[in-house]
DNA sequence: ATGTCC
């Protein structure tokens, strides 16, 4: 990476017997053997086009590897998209400066927590859903409703999911809302969420249908989770419609939350300010039709972000680390993609066993965020070093802004 | 990540 030639050919290539090659942007970052084996499984599918690209945050997932880009010809693997359809990031720059923020950030964090439902349903009362759906959410739902009703005619179980009452809500796990400062002291708001319960139901249902289809047709798959629909087959068109709809839901979900976060901030910050001076809203878990190497292909980015030339993206660090607003370089070899974060180095269970609350408090010093034992699985040390991850993808993106969080709300 | 009726 120290000279021009290496920057142009920054990736490593692995040949897969009986499959397409794997191109890996993982110079200087650890890759588990299990993740390599999983990438090789996908590379052996007959529908994969040209090669598979692995981003520097690559790690083991279900079926397909998180941090991979899988281009397929006239077919889609629903389990590669996964259940958190349209999961992604949104960031908005404001006219606020660091010095405009109050010394005590706890009221700002509380205001955000009150404005956006978050967390997981513990029984009858669901703090992660709307008690009463706000008017702005109702208006947004009206855009989604007609296509959803059509889907429900063919797949009635989708009607029973949380949809309208989860639009504009955060969810749980690694979904979060942050207030950040960039390298010039400008205040940004940033958040991470997806298509919530309804996207999950769509993903789960079609993954199961693909597996059943594969069994019926005796498909010779290296892993049942890599079952795919081919163009023209029974569920292909329905899946394309449903996954596209869930992706729209997810993008709108983030936009609605961002608006409410800004409104909440205006109630506790005295200075008047404007938002969306620069704004990015990007999926990192999705599929869409794109043109690469002269072919129309379905590109599944599972934990990867689109990085076409000039396109803005977001690469978040973990709780205590920096995040990046990046501009794509349109590298065709990565199918114009980059990483979606730092990537885990250990499972959630291992992190909870290995780290203490004292470790976590030290790692998140100066950040107004949760410091209890239930967020130990999200502690920065459970993730790869973000500097190494960024260095490994210099030929995919350039860094425009470096963001450091000062407030973090976890689901 | 989600929801808890296989």
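Cβ from N, Cα, C; glycine included.
Summarising the annotation, TrEMBL assigns Mn(2+) 1 binding site to A:84, A:175. The local packing around residue A:84 (Mn(2+) 1 binding site), expressed as other Cβ atoms within 10 Å of its Cβ over all shown chains, amounts to 25.
Within 10 Å of the C-beta of residue A:343 (GMP binding site) we count 25 further C-beta atoms, all protein chains included. According to TrEMBL, the GMP binding site annotation covers A:174-178, A:284-285, A:316-319, A:323, A:340-343, A:410.
Within 10 Å of the C-beta of residue A:284 (Mn(2+) 2 binding site) there are 30 other C-beta atoms, taking all protein chains into account. Annotation source TrEMBL lists Mn(2+) 2 binding site at A:192, A:284.
Sequence-distant contacts of residue A:340 (GMP binding site), defined by Cβ-Cβ distance under 8 angstroms and a gap of at least six in the same chain, are A:55, A:57, A:67, A:89, A:284, A:285, A:301, A:303, A:304, A:305, A:315, A:316. According to TrEMBL, the feature active site, GMP-histidine intermediate maps to A:340.
Separating the Cα atoms of residue A:177 (GMP binding site) and residue A:192 (Mn(2+) 2 binding site) is a whole-number distance of 7 Å. Of the listed binding-site residues, namely A:174, A:285, A:318, the sparsest CB environment within 10 A is found at A:174. The Cβ of residue A:175 (Mn(2+) 1 binding site) has 22 neighbouring Cβ atoms from other residues within 10 Å, across all protein chains displayed. Note: the CA-CA distance between residue A:192 (Mn(2+) 2 binding site) and residue A:343 (GMP binding site) rounds to 15 Å. Between the C-alpha atoms of residue A:343 (GMP binding site) and residue A:84 (Mn(2+) 1 binding site), the distance comes to 16 Å. Taking the C-alpha positions, the distance from residue A:318 (GMP binding site) to residue A:175 (Mn(2+) 1 binding site) comes to 11 Å.
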